[in-house]
Amino acid sequence: MTWFSKSTTTFGFLLLAHACYSAYEHSALQSHRAASLSSLSATQQQAASSSLPLDISLETIVATVIITLGLVLNTAKLRPIQWRVWAGQIERAGEEGARSSSGEVDKDYVGNPFKLLESRPGFVDIRKQRKEFAEWVKQQ
Amino acid sequence: MTSSLLRPPGHLSPATALQLSQQAPNIIKNSPGAVTASAFSSLFSAPETPELWTIYENLLLSCLRTGDEESAHLCLGRLVNRFGDDNERVMALIGIMKEADATDDATLEVVLKEYEALLQENPTNTPIVKRRVALLRSLGRIPDAVTALTGLLDFSPTDSEAWSELSDIYFSQGMYGQAIYALEEVLVLQPNAWNIHARIGELLLMSIKSGDQNDSAKQLGEALKRFCRSIELCDDYLRGYYGLKITTTQLLEDPPKPSKQAESDGLSPPNLPTLQKLDGLATEKLGEITRRFTAGERGWQGFDEAEIVAARELLEKSSSTTVR
Amino acid sequence: MAQLPPQTIQRDPQLFYWILFPITVVMILTGILRHYASVLMASPPKKVDQPSLKEQRSLMHGVAVRSNSHALSAPSFKARREFLTTAFESGAYLKDPERRGQPPANPMTDPGAMDGMMGMMKNNMAMMVPNTLIMSWINTFFSGFVILKLPFPITIKFKSMLQAGVATKEMDPRWMSSISWYFLCYFGLQFVFNFLLGSDNAASQMAQQMQGMAPQAPNMFGPGVDADKQFQAEAENLAVIKHYSVLDDVEQRLLEGIKTR
């Protein structure tokens with residue numbers, strides 16, 4: 001999915017750049033013509049220089065829409081907002097659920113926030129933990 | 001892996017703790033040491049983040065657990081450099097360090113004396129109060145620990161961690177009623193903690209097993225409701241379904257006499273069809289969870305291995321009884 | 001439409017080095033100085049002694065029991081309600097139970113309250129003094145200088161803002177006087193400070209003014225509040241609450257929820 005959205009965005013940007021360049025060329029051409037045809041009447045000159053051809057405006061609008069589409073398609077999957085779905089994801093998937101597309105675990109991922117109530121870091125019995133760890137090492 | 005360093009390492013398996021503490025020298029080398037107090041250099045160094053200090057704290061605990069004293073001392077040194085040794089949390093960490101270094105009970109008594117001296121100075125130093133409780137409990141002086149803890153809860157009844165510890169102490173003494181009361185206090189402070197709901201259910205089941213109260217209809221009913229609530233708060237909560245399965249099995253096999261008190265409190269177990277439906281639901285869900293976990297499906301690997309094994313055993317036992 | 005020829009003013013390039021640049025540097029340095037001054041002057045949060053801590057936390061506990069009563073089953077809520085209402089009404093959690101019913105002490109005589117006011121005074125002084133100094137410094141040395149031209153056209157309305165201290169009628173509003181540059185720095189340097197000192201700096205006056213303008217949150221445990229009255233009110237709230245429990249019919253909800261999914 002990502003390559004699709006990325007190519008869409010790139011294509012949109014190309015279109016936009018092209019539209020910009022065309023508009024610039026158009027205005028440059030117009031001013032050049034105005035300078036060379038200064039003998040013509042003022043009203044004609046103004047009408048010619050003020051209007052941009054329809055295809056350039058259309059191209060700009062289409063480019064914007066395509067860029068927006070590409071960016072929207074590229075957004076990460078939305079997180080659940082229902083409590084139980086969110087909680088269920090934590091329980092079910094663990095860290096996997098918070099992994100973004102690049103494989104990084106989300107920075108503000110905390111797991112089950114209520115786990116603290118059972119592990120209770122403030123009351124940690126360090127000696128017991130050390131003993132358990134020593135036994136575990138012996139078993140290995 | 002740093003993400004797990006942002007969480008306290010108490011519940012991690014020894015293997016993970018070892019892995020974390022092995023990263024310690026690396027992390028210590030790479031992170032900025034003492035954040036300098038001079039304004040000039042702070043303009044150019046990366047801004048310090050709160051995460052850094054959380055990582056140091058958790059690293060310290062992991063290192064102490066795996067016996068890597070050197071790294072632990074380095075971590076503590078940096079924390080002291082940053083926050084000073086009169087910071088309450090740092091004081092508690094220093095205390096933990098001393099506890100870990102102590103080799104015999106006499107040294108621990110000295111540490112305990114130090115805690116008491118600190119509390120004499122400032123009785124509201126919560127981290128130290130908690131350390132004192134933990135040390136008393138570790139020394140086996142349970143009544144003293146309970147007294148100290150209730151003292152803490154008397155002036156700070158909004159500390160859910162302390163209530164939870166109190167519940168655990170009571171539970172270790174077999175005083176189920178008090179343990180449940182304390183957990184209910186936790187729920188008052190954190191009403192959506194699904195694991196606490198399940199824990200209350202478990203305590204209720206255990207208190208029925210131990211048989212110190214006779215109104216089992218009410219207790220079973222409440223346990224059932226607690227498990228249901230925990231599942232309602234958290235989809236696919238293995239522990240909740242496990243408890244639900246046990247409770248419904250017990251209720252179906254050996255329905256307790258309906259009691260008047262349970263009726264009036266609204267805690268009587270539901271009627272037979274509902275029970276059967278709940279039982280079916282729990283069986284189905286447990287089956288699904290174990291199946292998907294063992295199949296290695298993506299997004300289902302967060303469960304605890306041991307819990308899955310237990311769930312599978314429970315399912316096998318129940319299916320064998322129904323076949324017979 | 002006849003186009004006016006753009007105004008040109010011959011400016012000494014030294015103006016840039018001796019006015020524009022010094023004002024900017026001084027503004028930034030004052031901001032940094034103010035930040036560190038307020039860090040140094042900040043008094044550490046006052047230690048709360050045990051009885052008052054107990055008073056506050058007990059009240060919070062009462063509020064928690066009331067608002068989260070649904071997590072409890074009916075009998076356990078009833079027990080808590082009875083216990084808490086009696087305790088609240090008898091004033092068991094009060095800091096000094098002998099002082100019940102007396103009017104609250106005058107906050108001016110309470111040293112705890114004075115501390116807070118001193119902190120506010122200090123902050124205000126740290127803001128006012130440098131501002132006055134710099135303003136008068138600019139006024140004495142640099143008043144009446146036109147120091148730069150904005151690169152974009154603006155309307156005539158900005159004239160009074162940008163050309164403060166320069167009384168010429170005909171000048172294009174794009175020209176800017178030194179005192180106006182000072183004001184622009186005053187309002188616009190916040191992001192520079194954010195970059196230099198981190199986002200919660202005390203350098204920017206704007207943020208502090210915003211703070212000052214925001215309505216003060218009602219201070220729940222501040223001085224001058226009668227804790228006993230709060231406890232009485234909380235006891236009443238607890239007594240009248242209509243209790244329901246999430247445990248009622250939870251199994252029905254669960255079965256229906258699973259089915260509809």
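Using the three backbone atoms N, Cα and C, a Cβ is placed for every residue, glycine included.
Remember, predicted model here, so these are calculated numbers, not experimental data.
Residues or ranges marked as compositional bias 'Basic and acidic residues' in TrEMBL: B:254-263. What TrEMBL lists as domain 'EMC2 TPR-like' is B:113-197. The region 'Disordered' annotation in TrEMBL covers B:252-274. Annotation comment: TrEMBL describes B:160-193 as repeat 'TPR'.
The average pLDDT computed for the repeat 'TPR' (B:160-193) is 91.
Across the region 'Disordered' (B:252-274), the DSSP tally of helix, strand and coil residues reads 11 helix, 0 strand, 12 coil. Residue counts for the domain 'EMC2 TPR-like' (B:113-197) under DSSP (helix as H, G, I; strand as E, B; rest coil) come to 67 helix, 0 strand, 18 coil.
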